[in-house]
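Colleague: Encoded as structure tokens, here's the structure I'll be asking about.
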Amino acid sequence: MHSRVTTLLAWGGLLGLSQAACPFADPAALDKRDDTQSGDFLDKYKVDDSSGYLSSDVGGPMGDQVSLKAGMRGSTLLEDFIFRQKIQHFDHERVPERAVHARGAGAHGTFTSYGDWSNLTAASFLSAADKKTPVFVRFSTVAGSRGSADTARDVHGFATRFYTDEGNFDIVGNNIPVFFIQDAIQFPDLIHAVKPRPDNEIPQAATAHDSAWDFFSSQPSTLHTLFWAMAGNGIPRSFRHMDGFGVNTYRLVKEDGSSKLVKWHWKTRQGKASLVWEEAQVLAGKNADFHRQDLWDAIESGNGPEWELGVQVVDEDKALAFGFDLLDPTKILPEEFAPVTKLGVMKLDQNPTNYFAETEQAMFQPGHIVRGIDFSEDPLLQGRLFSYLDTQLNRNGGPNFEQLPINMPRAAIHNNNRDGAGQGFIHKNIYHYFPNTLNNGFPLQANQTTGRGFFTAPGRRANGELVRLISPTFNDHWTQPRLFYNSLTPIEQQFLINAIRFETSHVKSTTVKQNVLAQLNRISNDVAVRVAAALGLDAPAPDDTFYHNNVTAGVSIFNNGTLPSIKTLRVGVLASTQAAGGSSVQQAGQVKELLEKSGVVVTVVGEMLGEGVDQTYSAADATAFDGVLVAEGAEGLFAADGKASTLFPAGRPGQVLIDAYRWGKPVGALGKGEEAFKSVGVPVGGEGVYSETGVEEIVKGLEGGLARFRFTDRFALDG
Ligand code: HDE
């Protein structure tokens, strides 16, 4: 970091950045960082290479990028500082990837408060209607390394930083409202069990292996989160189509010191949607960047995603009132017990300028809270408060990473923290201790009446003997997974069972598989029997002590009707460049024009690129589309023998169509294009299968199908 700071200062002159514009030169300049537009406060750090000469890290302009040698054919000289600096910087380009959540993508945006929420919290970013606060969000998967595929089945990180005018507040959440374990001390065990084997580092970004299921079945606190991950939440259609949750219980504290327990929620405005498993697997090979690309493209096209921030609020004395402990992070607080109050809306509308500087160096911490927000005693949260800071010291090699532009708060920083690797501030105060008189006592201690100082909720109580125990109020691991399962549609239940079958089929140990069945049976005998059938094992006898028929609203992905908007969804129009004298591509163009009016992204596919054709059959794939349409004249490409043309691998057009159909996507055909359905076995007239002769009619049908998103009657149900 040290070299970055010097570079910034040195380049300030060369590239026209004034010293005053660089906050490192004058910490007081930080006081003026009052911008509220997404990411704009980073502009002052950006280096513009649109003019100027190549220069070394210490500012000297450089000539030929060829190393200095002892003679034309001689060795490179140690004295070549230009060579040394360049190679040395390259050698140190990487920092350790995140120990978990290594794979991710970020974006800037703005949070707007719906109102004055001082009835709930003293947090300033929630103090007035329309108050705007810049945010940075990073979405991630957990298990895979930095280069792993986006669509691996996993819990997804949803970390949000609010650059409030009273300091940074992070909600470091996930897209699943519960977590696997109840005590942070088990985190290394969980992650060791889930990550690749220590001997051969296999498998990457997957839980379909012995050690993961050994841990899950030995540690039943994992079951609830596991069920969410095995359902559609583990394979969302995009980051934009998932909700987010703070998971741990926090406190909101009012100006008068009174506090309530809260759970944070992000409710997607795009609607919830998931992929199907085979599609996700294919995507892992076809487009490992599927989710980051989707987010990037949506923002670039002006369709940045939005989420509403909500809280479930519970009185301090009601933590045990709902049949479970609100401090237990393996439990949801069903919305029937406490509705979600929506506090404001976040829109992401700016992509990062530099992935490393922003997304990779963003250091989120559950411990980044502001006045008006406080922690709870949830033992998982308590452990997290140590871990994030600790791992970030490791990633950054020193304590000054909060000074990196992406981490720097908008609020002024005045304290007596000094020095350390990469110190970027030049502190003028030589009396850097408190209390002092020689600097007139500055910086002063803030308290509730002056300086709006942070305060711990006075209602928090600590008493009791020291124990190394998990509270008995955390003991029930089976009621809520069943509640989740009961609340899914039959096809979602089937997907969940199929996912467990897939994962446990990769498990070699019979003991582990039997342990899994024993745990599943405590949730549901139906699940245990259906999984056992695939594993060729006997399911245990039903155990009624654990079963109930309760359901809760809002956890299903598939029973939410239609998506609120089809904007940014993608349609592939399969046309023929060679057939029908160009009319096929022309018709595809008409479809494209109409669909684009609704914000749908259309790709016209043909045998070869050219006027009106965006993609070839060689590269096209059903994973790239949310719906597929066959234009008239293309039907000849779907011949059953697959040899319609030598311009693409045999059978590709048919594969695109049949995959789209098999994965539940709407498909359509214009006029004779319908013959393509027959060639590949798509049943004409089925739900979500549209045949029309008019372009307007087919577009209308397809748009309805896109809003439905997936036609689940195409998937088989057991029995
Ligand atoms: Fe994390 N987690 N975590 N985690 N976590 C990290 O911190 C940890 C947990 C979450 O986009 C690490 O800076 C422990 C729950 C997200 O940069 C690390 C425990 C939830 C991200 C860490 C948990 C999360 C992380 C790795 C159990 C949802 C990525 C890099 C007590 C509420 C943030 C880093 C980003 C990252 C520790 C459990 C979410 C190792 C010890 C529960 C979204 O410190």
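Any Cβ shown, glycine's included, is placed from N, Cα and C.
These came from TrEMBL, pasted as-is:
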ACT_SITE  H101  active site
ACT_SITE  N174  active site
BINDING   Y388  heme binding site
DOMAIN    55-442  domain 'Catalase core'
SIGNAL    1-20  signal peptide
Colleague: When a 10 Å sphere is centred on the Cβ of Y388 (heme binding site), how many other Cβ atoms does it contain?
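Modeller: Y388 (heme binding site) is surrounded by 19 other Cβ atoms within 10 Å.
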Colleague: Tell me, how many other CB atoms lie within 10 A of the CB of N174 (active site), whichever protein chain they belong to?
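Modeller: The answer is 26 other Cβ atoms.
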Colleague: Give me the count of other Cβ atoms within 10 A of the Cβ belonging to H101 (active site).
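Modeller: Taking every protein chain into account, the count is 22.
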Colleague: Quick one: pull the CA-CA distance for N174 (active site) versus the residue listed as 'heme binding site', whole Å only.
Modeller: 15
Colleague: Between Y388 (heme binding site) and H101 (active site), how far is it from one CA atom to the other, in Å?
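Modeller: H101 (active site) has its Cα 12 Å from the Cα of Y388 (heme binding site).
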Colleague: Find the average pLDDT over the domain 'Catalase core' (55-442) in the predicted model and report it.
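Modeller: The predicted confidence over the domain 'Catalase core' (55-442), as a mean pLDDT, is 97.
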Colleague: According to DSSP, folded down to helix, strand and coil, what is N174 (active site)?
Modeller: strand
